[in-house]
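Annotation comment: Swiss-Prot describes H46, E76 as active site, proton acceptor. Annotation source Swiss-Prot lists active site, proton donor at H204. According to Swiss-Prot, the feature 3-amino-2-oxopropyl phosphate binding site maps to N10, R21, D205, G227, H228, an assignment based on sequence analysis. Annotation comment: Swiss-Prot describes R48, H53, T113 as 1-deoxy-D-xylulose 5-phosphate binding site, evidence class sequence analysis. Taken from Swiss-Prot, the feature site 'Transition state stabilizer' covers E164, and the record attributes it to sequence analysis.
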Amino acid sequence: MSQRTRLSVNVNKIAVLRNSRGHGAPDVIRAASACIDAGAHGITVHPRPDARHIRHDDVIRLSALTRARGVEFNIEGNPFAEPRAGYCGLLALCRETRPHQVTLVPDGDQQITSDHGFDFAREGPGLRPLIDEIKQWGCRVSLFVDVNVTGLADAAIWGVDRIELYTGPYAEMHHAGCSDAVLREFATTARLAQDVGLGVNAGHDLSQTNLGVFLGAVPDVLEVSIGHALISEALYEGLIPTVRRYLDILDSVNPAVSMR
């Protein structure tokens, strides 16, 4: 079975706008539903301990929406962040909702956004039991990684299904007009992951401007998760037209790729 690279829309920024006024508008569920109407293959959220955007009830409602609409639900987050008032912890959320995919990300509480991947040598011992637990719930496990990450074979042994390439460095180089070298590094990392049986996702600062070039250079990317750029572009172009433009890019730049 094969599929083209899939688009999962991160709706965190919708929640940021809603929370800025403390009311229910804009409606995160309505926005996610519009993305699905436009053809998005999935919805991504990254709940944080400070509830700065996505909240517990959003996760519950989005889980129900994605299952009803037959698209994937991807929950991202730091599995080591301690539960606290208003935040039950990433694993508790995933245990409750059983998303299709859980993407583990090593972000700190004070980070504005994710900016690095896991160090497998240092953090692997702590990750392994969490991976086992998540997979017992029937969820696919993806780890957020930097380009040129080492230890991919170890991750495969732990039961990891996919990696998500942190594409921030590529986006910076593309903006500067000098992305060829870093693209080669991303392509090499993707191939190394695929050689040990890992699927490859990608995300962070991907946009209509740079997505096509990335997918044209990096082989067999199964999924891209895009939020900030897509929501920013949607302010000018509309949400449904923007999602469709991303889908057009996916259709134009890569053929069907093997599912993992």
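Any Cβ shown, glycine's included, is placed from N, Cα and C.
Positions of the features from Swiss-Prot, shown on the structure.
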residue: N10; record: 3-amino-2-oxopropyl phosphate binding site; contacts (Cβ under 8 Å, 6+ apart): I43, T44, V45, H46, G203, S225, I226, G227, H228, L230
residue: R21; record: 3-amino-2-oxopropyl phosphate binding site; contacts (Cβ under 8 Å, 6+ apart): none
residue: H53; record: 1-deoxy-D-xylulose 5-phosphate binding site; contacts (Cβ under 8 Å, 6+ apart): N12, K13, A15, V16, N19, H46, P47
residue: D205; record: 3-amino-2-oxopropyl phosphate binding site; contacts (Cβ under 8 Å, 6+ apart): T167, G168, Y170, A171, E172, H228, A229
Cα-nearest neighbour of R48 (1-deoxy-D-xylulose 5-phosphate binding site) within the listed recorded positions, E76, E164, H204: E76
Secondary-structure category, per DSSP, in which H228 (3-amino-2-oxopropyl phosphate binding site) falls: helix
Number of Cβ atoms other than its own within 10 Å, given for E76 (active site, proton acceptor): 27
Cα-to-Cα gap, H204 (active site, proton donor) vs E164 (site 'Transition state stabilizer'), nearest whole Å: 10
Nearest-integer angstrom distance between the alpha carbons (Cα) of E76 (active site, proton acceptor) and E164 (site 'Transition state stabilizer'): 11
H228 (3-amino-2-oxopropyl phosphate binding site) CB neighbourhood, other CB atoms within 10 A: 16
Three-class DSSP secondary structure - H204 (active site, proton donor): coil
Spatial neighbours of E164 (site 'Transition state stabilizer') that are distant in sequence (at least 6 apart) but have CB under 8 A: T103, S142, L143, F144, V145, N201, A202, G203, S225
